[in-house]
Amino acid sequence: MLVAMGLLSPWIMGSMFRSEEVALVQLLLPTAAAYTCVSQLGELGLVEFRDLNASVSAFQRRFVVDVRRCEELEKTFTFLQEEVQRAGLTLPPPEGTLPAPPPRELLRIQEETDRLAQELRNVRGNQQALRAQLHQLQLHSAVLSQSHGPPMAAAHTEGPSSERTPLLPDARGPHADLKVNFVAGAVEPYKAAALERLLWRACRGFLIASFRETEGQLEDPVTGEPATWMTFVISYWGEQIGQKIRKITDCFHCHVFPYVEQEEARHAVLQQLRQQSQELQEVLGEAERFLSQVLGRVQQLLPPGQVQIRKMKAVYLALNQCSVSTTHKCLIAEVWCATRDLPTLQQALQDGSSEAGVSAVAHRIPSRDMPPTLIRTNRFTASFQGIVDAYGVGRYREVNPAPYTIITFPFLFAVMFGDVGHGLLMFLFALAMVLTENRPAVKAAQNEIWQTFFGGRYLLLLMGLFSIYTGFIYNECFSRATTIFPSGWSVAAMANQSGWSDKYLSQHPMLTLNPNITGVFLGPYPFGIDPIWSLATNHLSFLNSFKMKMSVILGVTHMAFGVFLSIFNHMHFGQAHRLLLETLPELIFLLGLFGYLVFLIVYKWLQVSAASASTAPSILIHFINMFLFAQSPTNQPLFHGQEVVQYVLVVLALATVPILLLGTPLYLLRQHGHRNTQRRLAGQQDKDTDKLLASSDASTSENTWSPDEEKAGIPGDDEEAEVGGCSTSLLGGGGCQPQLLSHSWPLIVQFVPSEVFMHQAIHTIEFCLGCISNTASYLRLWALSLAHAQLSEVLWAMVMRIGLGMGREMGVTAVVLVPVFAAFAVLTVAILLVMEGLSAFLHALRLHWVEFQNKFYSGTGYKLSPFTFTVDNE
């Protein structure tokens, strides 16, 4: 179905089985066409550049000046973008696909951008100056227009004072020579109280201050937001008092304006200020209109300019990773590229160098480095591949667990989350995201939690779908059983044949259905668990037994499949001896012990009937006796010859341990001794080195790297690679680091037997003990499934059952059920879907990472990071 929908193409699934073949390619780029060629490669996104100037400082590379010019342009673009956002405007997306501009266009773009930025700075500066000037005029007008009462000055009067005593003495009195001065201005409201208090204390009351709030709000020249100001008029005597007042107002950053004492003069100044404000507003309007025109030009220039300069900078950074030939006529680059993309790479180089007159050359070269891993994904497989890559990126060409994770991960999640109702809610939520995935508003959402859910929408879709399936198996829908088919148990037959009387029923509140009575048990339920079990008191015991055994079966099957996948790794890398010395003993150990346990479970299900259920032997006791080589007289065997079969399986499992422990190291030691004998007979180390070089050139068509080279450092066939001295990294027990005797070509590796034996011992112990612990770990399927079912039951009993019962007892109308159902819905989503879903997700993640993938997947590789201009928004 997914292939028909176009989400999974056969080619994608084929390439996901293992990473694509990647080759190391050397590019010879003519100096005149190097920029164009790299720009073409950036548009295609096919290659990953290797840094050939790793020992050269970033400030000493050839194109560092061009990179700095691009960075300066990016700073200018950032300033322009901030100005556009400050004006409340948005930048339109660039139209079409813009290529990287030619190098000669960089100077033109820089000059145009700098001119526009300088013009914008000037206009913005003039606008700020005009706003500040207009604000001063408005404040001055507000100060003069406020009614602060008649000007007064502090004075000392002799004799008793009263309300009728004038504050100002007579002009012919003793203080006739003193002059009253004024200080007027405006201050922020939150500073007014402190200013008034400090003036009174500093001047000891020899002043009269009047503070009033402006009637209207004035626009702040910096932020543009309306603000309220406090105007003040201070009258005083004496020059020293005036100096104190001016210093205090300066400290409070007050706006001080000249204040005329005569009323007529103040009105004339106020009229002049208002006229100036009107004229200034007209000039400010013209400045804002011109600013809008400049910002319009910025909106046209900025989007394509940002894309082009970003591409140009990326091209120069890639060129900085190239080395210069001895003749300085071409640049030498080394790139990783998928072999299927080599024709496209060659065509792109020809197109890029066609105008230069000299064609760029690309040819494959051998490499001793492990190639990067390239696995192409689409919107459906990306989330499943992300689960695998979160554990570790696969090594080059090893088996990729992602195709199997598409099925096993949602299924194991559903085993722990099985409920038709909960799975349906999750499925509908994921389906809504899938159907609206192409809407720009959905993609542009910046909420991090939403982006997480949206990125895994197809994973959630399958998780919900599988949860519906397992919910039908468990026969649970919001913890309630459904009767889709008729039950296989008949209560009427039990009542008729048992002679249940009214007295018997009154004395026995719990009744037992005996399947041995004819007509009571009619046969198994067609699909899932019979709904009559939801009414039984031993419902939990029955489900515990069923889910525990089901978890063991699923766990052993899952682990055996992981060991089986390691066969494909050994066959692909030509490690035939590992099939006999590692994979086969591992399968015998796992299936001989725990596969036999699965056999006992299935055999007991098929052979033991209801009539003999009470005397059925215990599987657990048989399994314990199997390891103790003992027999239990009270526990009868399931089949004839069971003890002999168990003894043989235990002996075989124990016999595989020394094979796992010593098989591979002894094989490598033998190959190493055989090689030393041949070298002594030949007596010519140089000829042997030439032979090794020839064998490396004639080896695999991929590269001269082999999976053992990470450990051994010697390319070539399996024999040469294994002599390098290492163990089973593909199965999780290898990865020893060799001691290199020489760093020249070819690399000669010292064989260290102690390291080989040590790493193989670690792998053997890990696998043997892991089979026991991993099998027990799969019991989390049983535990999480039981917890989810019980939480659903508790939530139904504590909310919905009480709400439904209120209508019968109190005669409450159906309206009361509205808040009850709302509470039930909120708790279901918050607890059972979000919290329980996250718990089941994490446990399924652990089962795949630890119990499944470590059987065949090393995850020690690194991704192919292609040089591309495209930004993946998925």
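Glycine residues also receive a Cβ, built from the backbone N, Cα and C atoms like all the rest.
Keep in mind it's a predicted model, so treat the numbers as computed, not measured.
Annotated coiled coil per TrEMBL: 260-293, in sequence order. Proximity of distant same-chain residues to the coiled coil (260-293), defined by a Cβ-Cβ separation under 8 Å and at least 6 residues beyond the stretch ends, is recorded for 87, 120, 123-124, 126-127, 130-131, 133-134, 137-138, 140-141, 144-145, 151, 180, 182.
The feature compositional bias 'Polar residues' is assigned by TrEMBL to 696-706.
Annotation source TrEMBL lists region 'Disordered' at 146-166 (among others).
Taken from TrEMBL, the feature region 'Disordered' applies to 678-724 (among others).
Among the features that TrEMBL reports, transmembrane segment is placed at 411-435 (among others).
Taken from TrEMBL, the feature transmembrane segment applies to 456-474 (among others). Listed as Cβ neighbours of the transmembrane segment (456-474) (distance under 8 Å, sequence separation of 6 or more from its ends, same chain) are residues 7, 379-380, 383-384, 386-387, 406, 409-411, 413-415, 417-431, 433-434, 437, 527-529, 543, 785, 789, 837, 841.
Annotation source TrEMBL lists transmembrane segment at 517-536 (among others).
Residues or ranges marked as transmembrane segment in TrEMBL: 548-567 (among others). Residues 399, 401, 404, 408, 412, 415, 579, 582-583, 586-587, 590-591, 594-595, 597-598, 601-602, 730-731, 771, 774-775, 777-782, 847, 851-856 of the same chain, all 6+ positions outside the transmembrane segment (548-567), place their C-beta atoms under 8 angstroms from a C-beta of that stretch.
Residues 549, 552-553, 556-557, 559-560, 563-564, 616-617, 619, 622-623, 626, 638-639, 645-646, 649-650, 652-653, 656-657, 660, 767-768, 771, 775 of the same chain lie 6+ residues outside the transmembrane segment (587-606) yet bring a C-beta within less than 8 angstroms of a C-beta in it. What TrEMBL lists as transmembrane segment is 587-606 (among others).
Taken from TrEMBL, the feature transmembrane segment covers 613-632 (among others).
The transmembrane segment annotation in TrEMBL covers 644-669 (among others).
Remote same-chain residues near the transmembrane segment (810-835) are listed as 419, 422, 425-426, 478, 788, 791-792, 795-796, 799-800, 802-804 (criterion: CB distance under 8 Å, separation of at least six residues from the stretch ends). Positions annotated as transmembrane segment by TrEMBL: 810-835 (among others).
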